[in-house]
Amino acid sequence: MVSTKMFHLNAVMSRLFLEESSDEGINFNSIRNVDDFWKFAEGPLLDGLSWDKWYGNVTSDLQENRSHIYYENLLLGVAQVRQLKVHNKTCSSYPRFQNFTKDCYPSYRYNAEDKSDFGLKNGSEWKYTSATSLSPWYWGEVGFYRSGGFIFTLLKSKEKSREKLEFLRKNGWLTRGTRVVFIDFSTYNANLNLFCIIRLVVEFPATGGVLTSSRIYSVKLLRYVSFYDYFLASCEIAFCVFIITFIIQELIEIKNLKMEYFKSVWNWLDLLLVAVSILAIGFNIYRTMAVFLLMENLLSPENVYPDFYFLAFWQILHDNMIAICVFFAFMKIFKFVNFNKTMTQLSSTLSRCASNICGFAVMFFIIFFAYAVFGYLVFGPHVEDFSTFPNCIFSQFRILLGDFNFLTIEVNRILGPLYFISFVFFVFFILVNMFLAIINDTYTEVKADFAEIPCQEIHIKDLVRQSCNKTLVKLRLKKPEVEDLQSKEFSSTERKDISKPSKRNSGNEKKSRLRKGRKHHLRIPPDNTEPGAASQSSVSRAEFQQLLGYTAELEEELNNVNAKLNRIMKSMQQMKEFSGMTDK
């Protein structure tokens, strides 16, 4: 889903449209007012979109009337520009100041949006256009903006586009009610088979001035083109088969265990992985169908803006969902490495100190949020790192890691140093070290408990060797060993069959098996053994069944010996009685 090529393509487009300056030194990041916006639109924006020259300043004869940005990225259709506005006099102001301020344009809100025609009222740029329900909203720096608005598109010709922009500038297309302007266009790189969807956002907040931001997405919408892509398709099909099998397995386990199933954290993790995987599969199918159905309609008109943004937006969400799925799948590895002594100690440490950490977390976050509120109230209006409450939380975590500029909070010469010194002392020197002490003490206790348990650690190499031997035996590439046959015989025998051994076994076989049974040092843990110790001294099911077999055979041998002793005693009694009668 992600490759280094996507990063390089995003970096190239970012340098071209965000950092390239006009003759007056204006680029996208340096826009500060409405005049700067028009200078950027008529200069660097049109220069970046219109590449009508080939190498050596030769006019391109390859696909005439099309722009190849950096010679390699085909501009799809044309660029689109749209704005959102708010109504006048929809904000609250103090009554005594209403005579001095006749106009009042609030920050962008859905219920304050202005959808009425304005200006010349003779084109789409002067009339409101609604958007489809699939179009996502945009989360900007100071607002959450919906789709739709007052829209116009640029033309293929660079000169005609500049004339249109000059016409809109002179007729006041941007007004005091304008709160945001979006510039959207898409490119396709055939060398990499990547779509690059670019959105440049210019916000005009109620405070005045301009805030700029951008979204550049490089996505692979045409998934199956090369042989490697078809190999990935086969892997996706295999993944779907495994997920279906896993779902059936989990349903059977839920049916057998019922409510006990939901008491395990690992089972909840399995359900989360299944849910995320199903969502990923569903979106993958939807995305593939949507691209094939919309591609022809989006690309056929050359003077229309092809809306790939909503596909790129959902593709990014899909990639994020896959990242979460892969993260939790890797976390499941801890479930399968607990047979290792070191991993068992770590997991036992975390589980044993969980209650202490929860109690500590309550105290830690009370103090942490108290400092965050203090920083927001004191430094919020002056320092960017404390301008919002989430920024205060992130800044305090940066202080704990040593990544902080102390000079920024010296705007308050008294409370600034007091805040910093007290926060470092109480949170860093006391609370953080208390957290480490809890984990360290618990680990020491767990390690001491494990030191009293006999080492019965299973090595990964032994598991791999046993698995390989079983595979070779099944493929008839290796003869089964005697121990494997005996373990297979005992593991396949049910408990009720073992408790009643067959009488056809000869005495020699029983004696030999008893001698082998005595050589095994199987140990069943007592009831009061801790979970960590039980995992080290417990036996497997096959070994337990084998032990039951040895016990049943020993019981039968003792019964036979007892019967023989009884017969000898009876014979001796009869001989004694017979000798007494002879004496008489």
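Cβ atoms here come from the backbone N, Cα and C positions, even for glycine.
Cross-referencing Cys91, Cys196 with TrEMBL gives Cys91 as the cysteine bonded to Cys104, criterion being a recorded disulfide. Taking the Cβ of Cys104 (disulfide bond) as centre and 10 Å as the limit, one finds 17 other Cβ atoms among all the protein chains shown. Within its own chain, the transmembrane segment (268-288) is flanked in space by residues 221, 223, 236, 239-240, 243, 246-247, 250, 262, 311, 314-315, 317-318, 321-322, 324-325, 328-329, 331-332, which lie at least six positions past its ends and keep a Cβ under 8 Å from the stretch. Mean model confidence of the domain 'Polycystin cation channel PKD1/PKD2' (223-446) amounts to 86 (pLDDT, 0 to 100 scale). Within the chain, the transmembrane segment (308-334) has long-range Cβ neighbours (under 8 A, six or more residues past its boundaries) at 1-2, 76, 134-136, 184, 186, 195, 197, 199, 217, 219, 221, 266, 269-270, 272-273, 276-277, 279-280, 283-284, 287, 290-291, 294, 298, 343, 347. Note on Cys91 (disulfide bond): other Cβ atoms within 10 Å of its Cβ, all shown chains, come to 16.
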